[in-house]
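As written in Swiss-Prot, here are the features:
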- 29-40, Leu69, Glu90, Arg152: S-adenosyl-L-methionine binding site (BINDING)
- Phe40: substrate binding site (BINDING)
- Ser14: phosphoserine (MOD_RES)
- Lys58: N6-acetyllysine (MOD_RES)
Amino acid sequence: MDGTRTVLDIKEYSDSEVQKNRVLTLEEWQGKWVTGKTIFHQEQGHQLLKKHLDAFLKGESGLKVFFPLCGKAVEMKWFADRGHSVVGVEISELGIREFFTEQNLSYSEEPIIEIPGAKVFKSSSGNISLYCCNIFDLPRTNIGKFDRIWDRGALVAVNPGDRKRYVDIMLSLTRKGFHYLLAVLSYDPTKHAGPPFFVSDAEVKRLFDSVCNIRCLEKVDALEERHKSWGIDYLVETLYLFTEK
C-alpha cells in the first residue's frame, strides 16, 4: 500500500554525474574549521557504527584502525580505549588539536619528513596518531597497513572527480582479512550541490566491487531539520561493509 511507503522506498537518483565537476578546495575545508561550520561532526559518535560494531570488529583485539578525513571523531577515542591502535588523517590542524583537547588527551607533535609542512600528532599513550596533511600525499609516508577502515564523512567529502584515486589509496592501506565500513548519503543531487556529496549504490559498486565483497548492512532515514536548508526533502544513509574477495 502506498500509505506504508517510507523514504527508504524512494528510488535512488540515477544520474551520479550531476556533481562530477564540483570541487571544494583544501582551503575551503580548513575555513570550515576556523569558522566553526563543522555540522558534520557528531558529538555522540555514529549510531550505525555502534549498532554494527560487532560485525566490524569481529571480536578481535589489538587491531590497527584507520580514520580517513577524521576531523575530531570521538570514535577514535572509543577504539583506542578498547585497546586498538588508531591512525587518522585530517587536513585541519585545528580539528586535530580540538580532538586531543576535547578528549583530555596529552599529545606530542613532530614533522612528517616525507611531506614538507605536514605534521603528525601522537597521543602520549602512543595508540592514537593523527596525520595533518592532504590525504593524497599519504602514500609518501610509511603509514603501514590496516585491519579496519571506518569511512564516515570521507568518501562523501572527497571531490567526486577524485573518488577513484581516493579509493585506490584506501585499498592500498588494507591488510589481508580487512574489514572496511563505509557510510554514504543519498539525496536528490539536483537540489544540493554538496558536500556531503551524493554517492549512489551503483557508484559504490563501481569503486569497490572489483576487489571487495560488498554487503549492505543498513539503510536509514537520516533527514534532520537542519538538512532542509539544503533544499532536499529526503536523505538516506547507507552503511556498507567491505571484505576481501
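Using N, Cα and C of the backbone, Cβ positions are placed for all residues, glycine too.
Quick caveat, the model's predicted, so the values are computed rather than measured.
Here the CA atom of the residue listed as 'N6-acetyllysine' lies 19 Å from the CA atom of Arg152 (S-adenosyl-L-methionine binding site).
Here the Cα atom of Gly31 (S-adenosyl-L-methionine binding site) is found 38 Å from that of the residue listed as 'N6-acetyllysine'. Cα of Thr35 (S-adenosyl-L-methionine binding site) to Cα of Lys58 (N6-acetyllysine): a span of 39 Å.
Put simply, the residue listed as 'N6-acetyllysine' is 24 Å from Leu69 (S-adenosyl-L-methionine binding site) when counted between their Cα atoms. DSSP assigns Gly31 (S-adenosyl-L-methionine binding site) to a helix in the three-state reduction.
Taking a C-beta cut-off of under 8 angstroms and a sequence separation of 6 or more, Lys58 (N6-acetyllysine) has the following same-chain neighbours: His179.
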